[in-house]
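S.K.: Below you will find the structure I want to go over with you.
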Amino acid sequence: MKKRIDYLSNKQNKYSIRRFTVGTTSVIVGATILFGIGNHQAQASEQSNDTTQSSKNNASADSEKNNMIETPQLNTTANDTSDISANTNSANVDSTTKPMSTQTSNTTTTEPASTNETPQPTAIKNQATAAKMQDQTVPQEANSQVDNKTTNDANSIATNSELKNSQTLDLPQSSPQTISNAQGTSKPSVRTRAVRSLAVAEPVVNAADAKGTNVNDKVTASNFKLEKTTFDPNQSGNTFMAANFTVTDKVKSGDYFTAKLPDSLTGNGDVDYSNSNNTMPIADIKSTNGDVVAKATYDILTKTYTFVFTDYVNNKENINGQFSLPLFTDRAKAPKSGTYDANINIADEMFNNKITYNYSSPIAGIDKPNGANISSQIIGVDTASGQNTYKQTVFVNPKQRVLGNTWVYIKGYQDKIEESSGKVSATDTKLRIFEVNDTSKLSDSYYADPNDSNLKEVTDQFKNRIYYEHPNVASIKFGDITKTYVVLVEGHYDNTGKNLKTQVIQENVDPVTNRDYSIFGWNNENVVRYGGGSADGDSAVNPKDPTPGPPVDPEPSPDPEPEPTPDPEPSPDPEPEPSPDPDPDSDSDSDSGSDSDSGSDSDSESDSDSDSDSDSDSDSDSESDSDSESDSDSDSDSDSDSDSDSDSDSDSDSDSDSDSDSDSESDSDSESDSESDSDSDSDSDSDSDSDSDSDSDSDSDSDSDSDSDSDSDSDSDSDSDSDSDSDSDSDSDSDSDSDSDSDSDSDSDSDSDSDSDSDSDSDSDSDSDSDSDSDSDSDSDSDSDSDSDSDSDSDSDSDSDSDSDSDSDSDSDSDSDSDSDSDSDSDSDSDSDSDSDSDSRVTPPNNEQKAPSNPKGEVNHSNKVSKQHKTDALPETGDKSENTNATLFGAMMALLGSLLLFRKRKQDHKEKA
């Protein structure tokens, strides 16, 4: 037990006596003045309140000016519009957002939409910036094969912005420009590319006339190869098969041989030939002189290629040739990711293979409880019959979340209407809507069978909830939903020769709060894959001196198109078994002529094995002639749903090696209303290991006008075990001007069990100059349960140059309910070197509005407080006499004396302890 010291030596003792004396005198003088001449207590002190409130309102107004969340509206500028591309699946995420998002490519623009009073359905704020892949389409030749090349690049969209009016999602309230503007912000969008160009509609081509004999027994296939055996069909992935063939005997015009694909593969991809006798034309096999050696077709139903020889072979022997053909997934027969048999029969010779489909998951959206989630795929495009139709599958709410006021927009374009051939209208579009019983049974390939028992058609329930009020947009009002839906789209495109680009968007709110607006989108587009072959033979005139035919030179597939999307599937570049150059016309060399929205002549030989999940929305209309040879083997799995729109001007050189074990489930709804003009040049080396489980309910309204100049040299080595139960009712109005230059190295282990109920109303006008160099090694065990009712309005302008090295291990279990009424206006210039490890969860003051969370860190302050105080100010009462100042001075002197006495007693109490 420590010995009590009543009197300290020298300075401290004298200082204590002097302060005690001054306090007593102040009480006496203040009481005399107060009771002698202070009789005008009826006069209202509205001036000080106005001043205080004005400063608060000014701060609030400034904060409001800088941090207000502008909820985008329908009338967003056209510059913000950007849509999602078609069979290149590109997810516009908001990101949220991340998208969601802003997408920087052709998916969505990142500029925030201009906002008006009421936000409209699709105008949204940008939350996260993500790069979206821009797929380049390849011009189509007469005999080209098409698949839906899907490239998913999920980009988060703005999702966390609040809706001021939950009805802003209602389509009837939106303007035509709104839908495109919704894309202009950071919507997540995913692109799918179908390998084709709609520049020229293919004529209806019947199967090659096979009037002759099946000569499979006279044809020998060799050097069979698959360009790759693993790919992602939803990311525009496909493979090529290449083979040589030799005719071992004489054949004549009309004779033919065949090749047959297994169930897991198709030769037509996502191109629909059902209106063209289910027959797809294949590029002719030509000789090196350009003569047609064989014509080829592909039967969609039987999955059989037929190669019919022309009269070129009538006088030829030793006919050798090769072919290279693109292969695609069969979405109906291979609906899930996995490995399938891929046994291919060429001229009755079986080549056994395995092929693995790694479908990108169609379950995509904003990663939060009420985040919008949607995806789509173009699964069939009619390019041959002239009917110009396409089929699209849309998964709505595949994450099966509880969503409110849900809208889905199906668009026939992405960024601009004039850049797509898609047509969405009541006459051009047929929609069927199905409710999903078991979401886990949805296919990975986007194939949906209307007769599947897992799907329940509910189209009739949406008859009055489908709108075509905006150009090239179908809007579906789903409302409050908890289930997953499948929308089957049968649409049309025009003959303008432009690529078919579509986009789907979902937006919704939290059904409980009608806030927390979320939006997510998905793009689809089409590109082309080419196939062909070559062959030659010797003349029968000189059988003894045959000219050897060219060995197989498989048709090179298109070079990989640079696509800054996640998991870009390198485009096929198969050249197995190189042979003499086949006729260039027969090779249908599709390495060039990339009809890319980006206008890029990129002769780029890029081996990009990049598994990048980068949600990039790149709107790059860059006309760049880049001859780049890049071997980038980047496995970047960056699912960066970075919703960080942080506008932080912090000149802080913080070397924070913080090993923070902060089990602080910091519910810091820190919609940080920090309109603090703090010039903090803080070099903080904080190695903080803080295990703080703090439940603090501090409702503090502090008006602290403190100007304190404290020069204190305190070396305190205190080991205090304080179990203090203090009930203090103090009302403190402290006007203190504090200039404290304190260098404190405090290694404090404090275990204090204090139960303090402090209702403190203290009016303290203290001018203290304290220069404190305190080395306090205090071991205090404090378990403090403090109920302090403090109302503190603190207008603090702090210029703190703090170099804080805080190595504090604090285990503080504090339950503090502090309602303290302190009026302190503190102008503190504190140069403090503090080592602080704090983990606090603080509830904002009662009289200040809590700002909503914003992904950009913007806070929406309200200036209603200022207006209200101006309106509700108390009328002036009483006489404005000259004695008012004397009364106030007396009261302040009395309170100052009380405060000094109180501090003296508190010091005595500590010394006794």
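All positions are counted from 1 along the displayed chain.
Placed from the backbone N, Cα and C atoms, the Cβ positions cover glycine too.
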S.K.: From the ranges 439-443, 499-503, 534-538, 874-878, grab the one Swiss-Prot calls motif 'LPXTG sorting signal'.
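M.R.: Checked against Swiss-Prot: motif 'LPXTG sorting signal' maps to 874-878.
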S.K.: Among the residue ranges 252-256, 272-276, 417-421, I'd like the one that Swiss-Prot describes as motif 'MIDAS-like motif'.
M.R.: 272-276
S.K.: Using Swiss-Prot as the reference, determine which range in 15-26, 231-242, 375-386, 447-458 is annotated motif 'YSIRK-G/S signaling motif'.
M.R.: 15-26
S.K.: Could you break down the residues of the motif 'MIDAS-like motif' (272-276) into DSSP helix, strand and coil, giving a count for each?
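M.R.: Result for the motif 'MIDAS-like motif' (272-276), in helix, strand, coil order: 0 helix, 0 strand, 5 coil.
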